Amino acid sequence: MAAELSPIDKAKFVAARRAVDFVSDGMKLGLGTGSTAAWMVRCLGERIREEGLRVTGVPTSRRTAELARQVGVPIQTLDEAKWLDLTIDGADEIDTQLNLIKGGGAALLQEKIVATASDQMIVIADAAKEVAHLGAFPLPIEVIPFGWRTTMALVEETLVSLDVLNRECTLRMTGDRPLVTDESNYIIDLHLKRIGNPRQLALVLNQIPGVVENGLFIDICDIVVIGQGDGRVTVRDINSGSETEGRVDLTPNDNIFADLGD
Ligand SMILES: O=C[C@H](O)[C@H](O)[C@H](O)COP(=O)(O)O
C-alpha cells in the first residue's frame, strides 16, 4: 500500500511527475538533489519500468546516486556523459526571473556544474519556494576547509563593501562538527534576508580565495514547474515567456515507494 503523502510532498510529487514529461528516449539527464528531486528520480524509475524509457542520469550527490540505483535509473559520471540534454533539480528559492538559491542540501557545487553542462534546466518546487526577492533563505557558499575562518571574514568584508545590511555568516554544522560536502568542503550560510543584486553578489563571492562556489544560480534555469498540494501544476518558461496550468494525478504508483520501504 502506498503511504498517504503530506500536502507538501504531494506538491513536490506533482511538480516532479510533470517535469518528467519533458524527458524523452535517449536523453542524458542531470539528476538534482533534495526531497523534490528525489520524487523526480522515483518518477523516472517508474517510466523506465513501465514504458521502457532509455535514459542515463548524472547524479549531483551521493544520495541521489544511491536513490537512482535503488529505483533503476542508469547512472554515469559527468565526465562519461560529457554534456547533458536536461537537468531537473529542486531549489530553495526562485525569483520572478527564475534566478535561484540552491544548496540547502549542501549539493550546490555539483548541482551548478551539472546544470551548467546541460542544454536545459528545469526546476521543480512547491509554491512556497516562489519569492519576489531572493535572500530570506540563507545563501550557502561552499568553501575550502583550509583557513575557513579567514575566508568567512573576507566574505563579511565583501558584504560590507557592497553595503549589505544583514550579513551574519554561519558555518553549517551537523551535530557538533562542520558539515562536510561530497567534495570534502564546508558550507557557510549567509543570512542576508534580501539580496538586492543577485548577479553582482554571485560574481563577487566567487572572487574570494577559499570560496569554491555560491548557491546563486543566475540565468541557468529555463523552466520552473510549481506544484500544489491539490495536484495543480504551473509550468513557466523564461525563454518563451509562456505559462501553462495543468493538473497531475496525485496517486503515485505503489512501486514508486519502493525505496521508502512502504
Ligand atoms: O543542495 C540541495 C539542493 O540545492 C536542493 O535542490 C534544494 O536544497 C531544495 O531541496 P528540497 O527539494 O529538499 O527543498
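Cβ atoms here come from the backbone N, Cα and C positions, even for glycine.
What you are looking at is a predicted structure, and each value in this text was computed from that prediction instead of being measured.
Taken verbatim from TrEMBL:
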BINDING   Thr33, Gly34, Ser35, Thr36, Asp89, Gly90, Ala91, Asp92, Lys102, Gly103, Gly104, Gly105, Lys129  substrate binding site
ACT_SITE  Glu111  active site, proton acceptor
>> Taking only the residues the record lists as binding substrate, namely Thr33, Gly34, Ser35, Thr36, Asp89, Gly90, Ala91, Asp92, Lys102, Gly103, Gly104, Gly105, Lys129, what is the largest Cα to Cα distance between any two of them, in Å to the nearest whole number?
In response: 16
>> Give me the long-range Cβ neighbours of Gly104 (substrate binding site): same chain, 6+ apart, Cβ under 8 Å, in sequence order.
In response: Gly34, Asp92, Phe137, Pro140
> Which of the binding-site residues listed here (Ser35, Lys102, Lys129) have a Cα atom within 10 Å of the Cα of Glu111 (active site, proton acceptor)?
Replying inline: Lys102
> What are the other residues, in sequence order, whose C-beta lies within 8 angstroms of the center of the C-beta atoms of Thr33, Gly34, Ser35, Thr36, Asp89, Gly90, Ala91, Asp92, Lys102, Gly103, Gly104, Gly105, Lys129 at the substrate site?
Replying inline: Gly32, Ala37, Ala107, Glu111, Ala125
